[in-house]
Structure formats: C-alpha cells, structure tokens
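Visitor: A single structure is presented below for examination.
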Amino acid sequence: MKKALIAPSVLSADFGNLQRDVEMINNSEADWFHIDIMDGVFVPNISFGMPVLQAITKHAKKTIDVHLMIVNPDQYIKTFAELGATNLTVHYEACTHLHRTLQAIKAEGMKAGVALNPHTNVSLLEDVINDIDVVCMMSVNPGFGGQSFIENTYNKVKKLKDIITKNGASTLIEIDGGVNDKNAGKLLAAGADVLVAGNFVFKSDNPTETIAKLKEITAK
Ligand code: DX5
Ligand code: ZN
C-alpha cells in the first residue's frame, strides 16, 4: 500500500529551540526536512536565510528539501548546494527561463523542484516534466504557515499525475500548505507522493506521534 513521504515544515518550529526540533524530526518517521525561504518580495513575508539553514543542516540527518519563495533564484543556486540542500525548488512564477534554471540546479548535484501557485495551471509544466524531480503543488498561497487547504488542489494533483504518467516521467508530487489527517488520504488517492506539514505537526501536543499518524495514512 502506498504511503506518503512526510516532510515537516521547519517554518512552524520553535526557533528558540531549533536544535531540539531538528532532532525531533531526525528521530521521527519523517522523510524530509521542508525548508521555506521567503524574501519579502516574491511573497509578503520574510522567513530566514543562509545562517539559519546552515544551523539546520548541521544537525539534520534526512533529505533537505529547500523551497525558495524568492525572485531571481538562479543567483543563489550554488550557495544552496554548498549549504547542503538535497532538493532545490524554485517557483514557476519566478523563473523566466525555467528549463535553464532546472539544468543549473542539477549541475550542482541537487534534485530540481518546481513549485506552482494555486492559480498556475499544471499543464504549463508538460514540456519540462521529464526535467523535474519534484513538483511542489501549493495548496495555499505561499508566504505563511497555518492557512486553510484549497480544495481545488485535488483536481490539480489528478491532472498533474496524468501528465507525469503520459510522459513516462518519475516526477514526485509534493503537497504544500494546510495538510492534515483529514485531507492526506484523499491527496494520496489523487496521486500525491510527498506531504509537507507545518502547523499540523508543530502545533500538535506530540509532534513525533503526529508525524507517525500522517505516515500511517493510506490512499482513500
Ligand atoms: C507556505 C510554506 C509552507 C508552510 C506549510 O508558504 O511554503 O511550507 O510552511 O505550513 P502549513 O502546513 O502550516 O500550512
Ligand atoms: Zn513550503
């Protein structure tokens, strides 16, 4: 039975106890660390930058999935590789030459991801789908943790899954925003592979158990 890869979003962690929260993820059933970098230009919020990422990667023992919500991501590809990113995801809406950006990410030895805002049609990725390792499907408008899940996401996941299958690609579908135990099963059934969860994990009484609970969920 298909189980999701679980990627807790560090954005919702306690930054005063960052090492504790990183170790919690290390010792949990989570698969990836999801790291949200926001520049206050592409999105109306600023999260954190290189020094904090460095502090995280120093202790993190799992895949480092970096989600760039910034303009001009090409400028920082090399830096994120040096900081230990495993996956580097750029926004479709921030890239004029997306194909070139994807090649540049891979040339630095990272997996290439593309994030799509809720209004962006998945068909726009068809011609580069074989070049994309992960599509990060935004199920909220990017910029903040703790927002409500947008229901149209299920339709988008199904359409994207069809494109991936039709083109024989091995692209993973990652869902980012408002993920919880109520929508996880339906997302898996629609074709999702990776579930990002920020608030649902970190605002729960027992984040380790919440991660295990998400990991247990199967397609329905
Ligand atoms: C939103 C970020 C998300 C966010 C998810 O812009 O990309 O990764 O941290 O947080 P929740 O799960 O709380 O919606
Ligand atoms: Zn994210």
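A Cβ is built for glycine as well, from the same backbone N, Cα and C atoms used for every other residue.
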Visitor: TrEMBL has His34, Asp36, His67 binding divalent metal cation. Which one of Asp162, Asp176, Asp181 is in the same site?
Guide: Asp176
Visitor: When DSSP states are folded down to helix, strand and coil, where does Gly143 (substrate binding site) land?
Guide: coil
Visitor: Cβ within 8 angstroms of the Cβ centroid of His34, Asp36, His67, Asp176: which residues besides those meet this for the divalent metal cation site?
Guide: Ala7, Ser9, Leu11, Ile35, Asp65, Thr89, Ala115, Cys136, Val196, Gly198
Visitor: Using DSSP, would you call Gly178 (substrate binding site) helix, strand or coil?
Guide: coil
Visitor: Looking only at DSSP and grouping its letters into three states, which state does His34 (divalent metal cation binding site) belong to?
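Guide: His34 (divalent metal cation binding site) sits in a strand per DSSP.
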Visitor: Counting across all protein chains shown, how many other Cβ atoms sit within 10 Å of the Cβ of His67 (divalent metal cation binding site)?
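Guide: If we count other Cβ atoms within 10 Å of His67 (divalent metal cation binding site), we arrive at 28.
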Visitor: Rank aside, I only need the closest one: which of the binding-site residues His34, Asp36, His67 has its C-alpha nearest to that of Gly143 (substrate binding site)?
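Guide: Closest recorded candidate to Gly143 (substrate binding site) by Cα: Asp36.
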